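**Student:** My structure is below; once you've seen it, I'll send some questions.
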Ligand code: ADE
Ligand code: ZN
């Protein structure tokens with residue numbers, strides 16, 4: 001049995017495994033520029049965030065129907081359940097699909113089909129977080145929020161992802177204000193490749209409740225103080241940071257120092273099909289590389305439930321935390 005945990009930083013499009021990509025390509029008559037799954041896997045050598053994003057967006061061409069999105073999400077949930085995930089807050093990138101002529105309704109309804117069966121089939125409670133692509137315009141983000149109108153009952157919050165440097169959070173002030181007025185929760189990627197100033201903006205301009213990554217927080221002691229004071233959760237993705245060369249090797253990851261500084265950090269997989277592991281694999285990898293003890297792992301699992309958007313169901317949060325406390329390594 002695996003340590004029970006919540007996954008709070010997971011792009012559903014980043015769970016597209018090569019086998020499913022080829023199967024959907026055949027079904028939808030999409031030609032991929034790779035002839036085998038091995039050849040595709042060999043392309044997973046990234047220099048930075050952008051080199052990954054280029055492939056990530058290209059492979060999405062195979063996702064066309066509601067059933068494709070259902071298959072994608074169900075496959076993720078099955079793998080996540082096998083690694084102890086009990087609650088998942090799942091990102092999706094509507095603009096990456098609408099730009100290819102796939103309606104946002106197809107995306108949300110397809111994902112929702114898998115999510116609706118998730119508790120019964122996989123024992124995982126779920127939420128959806130709609131991300132805006134920060135390398136597109138603020139107007140495009142606003143249009144996306146508007147297009148999501150009929151599906152807002154399925155969407156818990158908004159996020160901000162894609163190429164970070166040169167696209168500061170403040171660019172999206174207006175759409176975050178509009179999202180908050182609609183009752184949506186707010187998160188944003190910040191400090192993955194971008195500077196600590198972007199994390200400050202995410203907090204002070206967008207009013208985010210969690211920071212996705214926040215890897216570069218430790219460069220700014222005042223920022224660390226602020227994040228500790230306000231108990232702002234950071235959703236770290238250590239395997240992603242190595243694969244996208246934000247750090248050289250996992251042994252250099254600041255996770256341990258961040259915990260010791262009193263930050264509320266969580267461990268997540270980001271885009272597990274591309275980065276070499278799902279969240280249970282990630283816990284295992286950081287335990288080995290950083291020499292974390294059982295109580296530190298348990299604390300990371302507790303943090304994942306503390307940071308989850310479960311305010312509407314505190315009983316459930318308490319039950320998950322009790323599962324973590326009762327877990328025997
Ligand atoms: N989209 C998918 N994965 C991402 C990441 N790690 N950073 C920014 N945007 C992303
Ligand atoms: Zn991410």
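Each residue, glycine too, has its Cβ placed from N, Cα and C.
Unlike curated records, TrEMBL annotations are generated automatically.
Checked TrEMBL, it gives:
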type: ACT_SITE; residues: 192; note: active site, proton donor
type: BINDING; residues: 9, 11, 189, 270; note: Zn(2+) binding site
type: BINDING; residues: 271; note: substrate binding site
type: DOMAIN; residues: 4-317; note: domain 'Adenosine deaminase'
type: SITE; residues: 213; note: site 'Important for catalytic activity'
**Student:** What is the Cβ neighbour count of residue 9 (Zn(2+) binding site) at a 10 Å cut-off, with all protein chains included?
**Tutor:** 28
**Student:** Under a three-state reduction of DSSP output, how is residue 192 (active site, proton donor) classified: helix, strand, or coil?
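**Tutor:** DSSP call for residue 192 (active site, proton donor): coil, neither helix nor strand.
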**Student:** When the Cβ positions of the recorded positions 192, 213, 270, 271 are compared with the atoms of ligand 2, which fall under 6 Å?
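**Tutor:** Checking each Cβ against ligand 2, the ones under 6 Å are 270.
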**Student:** Summarise the model confidence on the domain 'Adenosine deaminase' (4-317) as a single mean pLDDT, whole number.
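**Tutor:** Over the domain 'Adenosine deaminase' (4-317), the predicted model scores a mean pLDDT of 98.
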**Student:** Compute the C-alpha separation of residue 9 (Zn(2+) binding site) from residue 213 (site 'Important for catalytic activity'), stating it in Å without decimals.
**Tutor:** 8
**Student:** Near the residue listed as 'substrate binding site', which residues of its own chain have a C-beta under 8 A away, given they sit six or more steps off in sequence?
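**Tutor:** 11, 13, 14, 15, 52, 56, 240 - these are the non-local Cβ neighbours of the residue listed as 'substrate binding site', listed in sequence order.
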**Student:** Given the recorded positions 192, 270, which one's Cβ is surrounded by the fewest other Cβ atoms within 10 Å?
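**Tutor:** Looking at the recorded positions 192, 270, the Cβ with the fewest others within 10 Å is that of 192.
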**Student:** Taking DSSP three-state, what's residue 213 (site 'Important for catalytic activity') in: helix, strand or coil?
**Tutor:** strand
